[in-house]
Amino acid sequence: MNINSKEIFKTLNPNRIWVPVLIGVGIVSYLFISDPDFTADKLKLVFDAELWPLFLAILVILIRDTGYVYRIKVLTNHDLTWVSSIYVIILWEFASAVTPSVVGGTTIVVFVLMKEGIKFGRALAYVMLTAILDNLFFLIMSPLALLYSNDELFPNAEDMQVHLGNSLQVLFLVSYCLIAVYTAVMSYALLIHPRGFKWVLLRIGSIRFFRRWKNNLNTHGDEVILASKQLRGKKGRYWVTVLAFTFLIWIARYAVLNCLVTAFSEVSWSEHLLIFCRHLMMWIVMLVSPTPGSSGTAEFFFNQFFYEFLGDYTIVTNILWRMFTYYPYLLLGAIFLPRWIRRVFFQKKEEKATPVETPK
């Protein structure tokens, strides 16, 4: 893994927040223009929202983010302080918000963890394990969502049919299979047989077409072996805790939308479960989005998946949903990144340079 600080800071440049913002605003504007029934009065519908579900949504977000912070502390055996854990999660969310979902921010997060005092092998192990745990949630919950919702899981919106035909199910299936393959390979490499994984990489590198990458494949194999060593001997309590918090985090992430829907519409418990299931399906489809933080893709699919629950309130709920769950992390990243740079690059150097007084 090439940890190039210049490339990482190029990716984390706060100026990049305008790209996803402009894409998101562009798609929302398109939704306004393409709606023949849209009037300026529809934006005023936001004032019809009940306040208690909005406050509940904020509480759920705080629970989710607290879960993220505690999980990274548990993953690192509490070697990170609370302050370090908060910085890591904010920058992790910021990296996810400014990079496409298909690219991810693995290298960036490894770099951040290393600057917080976690050695490379451990940092890589924790990031890989986090990806495996998150994907495991999708792989387990998606079939359950399919079983619960039957034919209601995928929307039958007219606009969806015009743009995608019947390919939404295919897109979901492709995304699910890619996640399953990736998770299986990474689980085998990290948790079961890292040396066997390296052997496969070397065999691939011996193929004529891939010989130019043979050295890189060998390096990646060594990195996985090093990462795997960091997770050996972990007790059952460790695995149960990180898995439980993974499910708490993702359930809370999806429950935010349920709170926002409740602010505008009366829905039954069965409809709440269907909204949760659809959100899960939409998120998996969004994972293959080429745009930073799925901006544009998220706004477009939101209208198609949830119009039947919200009606005229769909667009204002769409905007609120992104304002609650996406744009704050762009803002927090832009605010905290300079502080984190000063903290890990300058303050720590000053602390090391300060001589320790010995008692006479």
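A Cβ is built for glycine as well, from the same backbone N, Cα and C atoms used for every other residue.
Automated prediction, rather than curation, is the source of TrEMBL annotations.
Annotated features, as they stand in TrEMBL:
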TRANSMEM  17-33  transmembrane segment
TRANSMEM  45-64  transmembrane segment
TRANSMEM  84-113  transmembrane segment
TRANSMEM  125-148  transmembrane segment
TRANSMEM  168-191  transmembrane segment
TRANSMEM  238-257  transmembrane segment
TRANSMEM  269-288  transmembrane segment
TRANSMEM  326-342  transmembrane segment
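With respect to Cβ pairs under 8 Å, the transmembrane segment (84-113) is most closely packed against 326-342, considering the stretches 45-64, 125-148, 168-191, 269-288, 326-342. Beyond the transmembrane segment (168-191), the same-chain residues lying 6 or more positions past its ends with a Cβ under 8 Å from any Cβ of the stretch are 125, 128-129, 131-132, 135-136, 138-139, 142, 154, 160, 197, 224, 227-228, 231, 281, 284-285, 287-288. With a cut-off of 8 Å on Cβ pairs spaced 6 or more residues apart, the transmembrane segment (125-148) and the transmembrane segment (238-257) reach 3 or more such pairs and are scored as touching.
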